[in-house]
Structures are given as C-alpha cells and as structure tokens.
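Among the features that Swiss-Prot reports, [4Fe-4S] cluster 1 binding site is placed at CYS31, CYS67, CYS96, with the record citing sequence analysis. As annotated by Swiss-Prot, [4Fe-4S] cluster 2 binding site applies to CYS171, CYS175, CYS178. Summarising the annotation, Swiss-Prot assigns domain 'MTTase N-terminal' to 22-133. Taken from Swiss-Prot, the feature domain 'Radical SAM core' applies to 157-386, supported by sequence analysis. Sequence annotations record features per position, and here Swiss-Prot assigns domain 'TRAM' to 389-460.
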Amino acid sequence: MTKPALRSDIPMKPTVHKQEKPSVAFAHLGCEKNRVDTEHMLGLLTEAGYSVSSDENDAAVVVVNTCSFIQDAREESVRTLIGLAEQGKELIIAGCLAQHFQEELLESIPEAKAIVGTGDYQHIVDVLKRVEAGERVNHVSEFPTFVGDETLPRQRTTDQAVAYLKVAEGCDYRCAFCIIPKLRGDQRSRPVESIVTEAHQLAEQGVQELILISQITTNYGLDLYGKPKFAELLQALGEVDIPWVRVHYAYPTGLTPEVLAAYREVPNVLRYLDLPLQHSHPEVLRAMNRPWQTDVNERLLDRIREQLPDAVLRTTLIVGFPGETEDHFNHLAAFIERQRFDHVGVFTFSPEDGTAAADLPDRVDPSIAAARKDRLMALQQPISAERNQRWVGRTIDVLIEQHNPETGAMIGRCDRFAPEVDGEVLVLPSEKGLQASPGTMVPVFITGSDVYDLTGQLVDTNAMAVTAQTSQ
C-alpha cells in the first residue's frame, strides 16, 4: 500500500475572520456507517445555526467525510480534497482518512483547516468555531471510543423512506486484510433501548425501510452485555412501526439458532442475509485470520436454508489474497457454483499498511487477481439471473424510490434488493394508469427479470397511495 499522493504546491491563504457564521457544505465518501456520521455532523451544525448548503459551490467551508478502507478509496478521497482546495474552499477533513493520515494531510494541504477523527465528529461545532477564530485544529483521538445515539442531532441524507441505524461502532476482530479496527477502534454497542428509541423516531419520520449496520452486526451487544444480544434486539425492533428491517454485515459466528429464529419469527425483519464470507478455502481463511470460518460456511448455509427456505443470500469475497493459488481459487469457484447465492460482490485484495496481510509473502499479480474477479463474476451472473427469474409471475411489495411523471415509469426495490449494492425493480403504471409516489410501498406483478433487476406492473388496488396518470 502507498500513502495517498498529496499535493504540496497549494499556497497558504490567510484565514479571514468574519462576523457571520460561514456557510458549510458536505462531501460524503465511503460506507453507510460513514454516512450516519455525516448525518450527525449535519444535524449538529444545523442546530448550532450554521447555514448548510447542498451545493459545495455555495459554501465557504466544506466538510469532507473521507474513506481509507482500501487504496482506491484513499485515492478518491484525495482527489476530492485536491479538487475542492483548487476551488479555494476551506476544508475540514473528517472520517477514516483523517484518522489514518492526520499529519500528512495537515502538512500537504494548506486549505485543510481542521482534521476530525472517526471518534470525534460529535465535536464538529466546536472545531468549526475554532477554525473561525483562526486556529488550525487537529482533533483526532488515538483510540476512538465514541458512538452516536438517538440524543445526537441528525439530518438524514437518504431518501425519506430509507434510513440506516448504527447499532454499534468499531470491531473486535482482527482479520489480516482489514484496517478498520485501527481506524474505528474496538466494538462499542449501543443499549437496546437507545436503538429502539431511535427506530421509533425514524418511524415517525415516515421511514419504511430501516437498515441495521455496524462492523459485525450479529455480534451486537457482546461488549456491553457480556454476550451477544442481537436476537433480543431484533425482537424489540419487531414492535416498531417500520415494514422492513434489513440487516447488513451478518457475520457467520453470530448467526446462532436464536438469531435465525428471530429472522423467522419477527414479521418486519427481512429474510435477507448479508454474509461477508470472503473465501471458502481453509488455507486462505487461516491466512486471513478467519480460521473459525473453515468449518462454518457449509454448515451455516445448510442451517439457514433449512430454517429460512425463502432467505435471500448475499456474500462478499476477496480474490488475489497473498498465497492464493489456482487450486484455492477453483475451490472458491466451486463453492459459489454449489451454494447459488442470490447476490455476490467480489473484490481484489488491497494491501494495507498496518495490517498483517501487508507483510505476507507470495503476492498474487494484480492482473491475475483481476482476471479471477472477472471469472467469478461471470460464474455468478447466470446464477443471479436464475434466482431473479423465480419471481416472475408473482406479486410482491415494492418500495418506490423514483417516478418519471412524463412516462409514468417508476423505480423501486423489493425486499430481496438492498440499496446501492443490489438490483432494482422497474415498475410500469397499472392497467388503469395508476402510479405510485416515491416513499410508498405498493404491490407489483413481476413480468420480467435479468441478471440484476426485475420488471413489473403496478397492481390496481384501493389500498395504496397512488396518483392517476395525467393524460397527455
């Protein structure tokens, strides 16, 4: 891994002291956990009376919430920072890149007026006030311990009907390839009551889909209660008036019989399992420092299908890990072909300084790793197409997210598709010309499918919020 290539030729400008509070904009990069942090900073600044613009061009200060998970993410973050600096914007750099390279950023980008760590974003108002006073601020805790909760102001950036809820922060696992524990600290779970309170708040805002996130969501509560309490959390969220509760990052070790029973018994918990398995071969898993998984994968998947026969299964995989041979890869390909996941994401290995994998021998040539990724995705595509085709001829609920008033066409998602990472449903007006507004959940008859998406037609019913198609 190389450190981000930062520019050092931007001339330092004197800080201008103003009577009025500066206008602020946000640039959000990275994962949905980072998004929640951005939303809290937005809420805090708005509550403090700052003018927050959705357009970076209209703002004097831009808060850039960065990602540093892999090299590509770092490069995107640096490109964003340099582009804004060249526009003359004053920058507050937050997030994982700030946690990772705080000194380098301050030294190389004069426009960087403040650095805010992953465990320090709750201080964004104080940081901005210090910047206004002419101070250059480095507010980064070496060991992040903070986790936001329902008492922290929040201004959501997602569609009105979708919200992410962070149940814990940080990670206690030490996978050889992952830098996250060094950037976000050890696991800190929120109390069940705190999470449920925020879920009720989101329900009152009209949220239809609640997505639970953390680094290891199924290990929720282990640090706080001495044992995982994820099953109890799901049961408690069953009392919240939100139709869909989706779980991301369901690690295999946490999918106990009690948790699977909660998936089965709690009506609003979607039977959608996002399983970051990473690989199938025992030798690669040991090198990844995930040896416990060797005997788990097959047995776990069998148990899921036995208890949740209609479950939607997604997994993410890494190819090109140091020492991965062609035999190892073929083992993984056979595993994918045998298990027939609904959705698969494949990443090539990215060496990260500070991780055990960065020093491993037998690096796989990047061109070989890229070819393996392509081969695995080509193998998965007909499987995904087959899994989608099963829904043709059925009527399913679809959450509408976009609507074209000129054509009447709508785009939404059914419960088998998570936002951003999975497919969509193209919805045509009903036979009577009815259309649905974004944010509504409606019945759709599925008429077609492909590798990633479904196509359907709105079903005529008096039980849904619709608008009549305007005659041209």
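Even glycines carry a Cβ here, placed using N, Cα and C.
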Legend entry - Local Cβ density at CYS178 ([4Fe-4S] cluster 2 binding site) - other Cβ atoms counted within 10 Å: 21
Legend entry - Pairwise CA distance, CYS175 ([4Fe-4S] cluster 2 binding site) versus CYS96 ([4Fe-4S] cluster 1 binding site), rounded so that it is a whole Å: 18
Inset, instruction - Using the recorded [4Fe-4S] cluster 1 site (CYS31, CYS67, CYS96) as reference, state which further residues of the same chain have their Cβ within 8 Å of the centre of those residues' Cβ atoms, listed in sequence order. - result: LEU29, GLY30, LYS33, ASN34, THR66, SER68, PHE69, ALA73, GLY95, LEU97, LEU183
Legend entry - Residues near CYS67 ([4Fe-4S] cluster 1 binding site) in space but at least six apart in sequence (CB under 8 A): LEU29, GLY30, CYS31, ASN34, ALA73, ARG74, GLU76, SER77, GLY95, CYS96, LEU97
Legend entry - Additional residues surrounding [4Fe-4S] cluster 2, by Cβ distance to the CYS171, CYS175, CYS178 centre under 8 Å: TYR173, ARG174, PHE177, ILE179, ILE180, PRO181, GLN215
Inset, instruction - Please work out which residue of CYS31, CYS96, CYS171, CYS175 has the most C-beta neighbours within 10 angstroms of its C-beta, and give that one of the binding-site residues. - result: CYS96
Inset, instruction - According to DSSP, folded down to helix, strand and coil, what is CYS96 ([4Fe-4S] cluster 1 binding site)? - result: helix
